[in-house]
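Novice: What follows is a structure written as structure tokens; I'll ask about it next.
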Amino acid sequence: MSKRAKKNEQEAGDGDHDNGTAPAAKKGKKVKEPEAPILYSDPPDKMNSKDGRAANMKITSWNVDGLRAWVKKKGLDWVRDEAPDVLCLQETKCAEKSLPDEITSMPEFPHKYWAGSDEKEGYSGVAMLCKTEPLKVTYGIGKEEHDKEGRVITAEFPTFFLVTAYVPNSGRGLVRLDYRKTWDVEFKVYLSDLDKRKPLVLCGDLNVAHEEIDLKNSKGNKKNAGFTAEEREGFNQLLAAGFTDSFRELYPEQANAYTFWTYMMNSRSKNVGWRLDYFVLSSALLPGLCDSKIRNQAMGSDHCPITLHMVV
């Protein structure tokens, strides 16, 4: 194995997800006609909570799969149209010194916070851009093993915490699954401790499709990163600790609603995807939940943005 091949195997391609597509038909067998894709149409935004209060906080989260490339693909134009109060980004893959001027100078978000990998430039990384200055901002979860990869930013606002996270991928061949299991346990403890102080919103790429409804090819992916029993159980444990998946709270039966599509095999046009990006809420915030959106028409990354409307 060459040094480069070995390095690629060790890094295990953060962000690796299989399509689970069936292998090519054997010679002589009749090839089945491809099915017409079942697409998801994001319904009109609901701007009121169930008890009739009007939304006053809008948060958008987007795994941009490389900030510099995403800026060149006009991602910021979409953000300006969406006009959230807070923009959270994951997989920025960009050291703070290399950030594009187009984003560092954005007047719409005067308060900007960045976290990146200490050891590998161009790896991982998250950002939070705010219209209103938070009371306090912290980085990581207080565990050096995890925090050196630049995966979490937490902002404290008057009535809630906002946590954006890029959860570690278990990697091709599940080479980081053991590490991921440790992360899931320690991240849940971190969130639970915050929740004792103030309710929280967690957003970002959580790198798990929770149930079979959350990806196109569930049968073919049970041993692949993002849909292993261990990762799904980690998410179960988070929900059991008093947190709620906001999209499923509002749309429990909605199938074909995905936020990630591999660049291979025209997966996005076929809507062969995964729902990996979430807004997870403390139970105390549920009365103020208005809508949880999947903006699957927005291009510029292998993920699409998601947006939360809530009353705070």
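Placed from the backbone N, Cα and C atoms, the Cβ positions cover glycine too.
The region 'Disordered' feature in TrEMBL is assigned to 1-49. Residues annotated as domain 'Endonuclease/exonuclease/phosphatase' in TrEMBL: 61-303. Positions annotated as active site by TrEMBL: Tyr166. Under the heading active site, proton donor/acceptor, TrEMBL lists Asp205. The annotation active site, proton acceptor is assigned in TrEMBL to His303. The site 'Interaction with DNA substrate' annotation in TrEMBL covers His303.
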Novice: Measuring Cα to Cα, tell me the gap between the residue listed as 'active site, proton acceptor' and Asp205 (active site, proton donor/acceptor) in whole angstrom.
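Specialist: Between the alpha carbons of the residue listed as 'active site, proton acceptor' and Asp205 (active site, proton donor/acceptor) there are 9 Å.
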Novice: Counting every protein chain present, what is the number of Cβ atoms, excluding its own, within 10 Å of the Cβ of the residue listed as 'active site, proton acceptor'?
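Specialist: 25, counting other Cβ atoms within 10 Å of the residue listed as 'active site, proton acceptor'.
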Novice: Could you state the CA-to-CA distance between Asp205 (active site, proton donor/acceptor) and the residue listed as 'active site' to the nearest Å?
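Specialist: About 5 Å separate the Cα atoms of these two residues.
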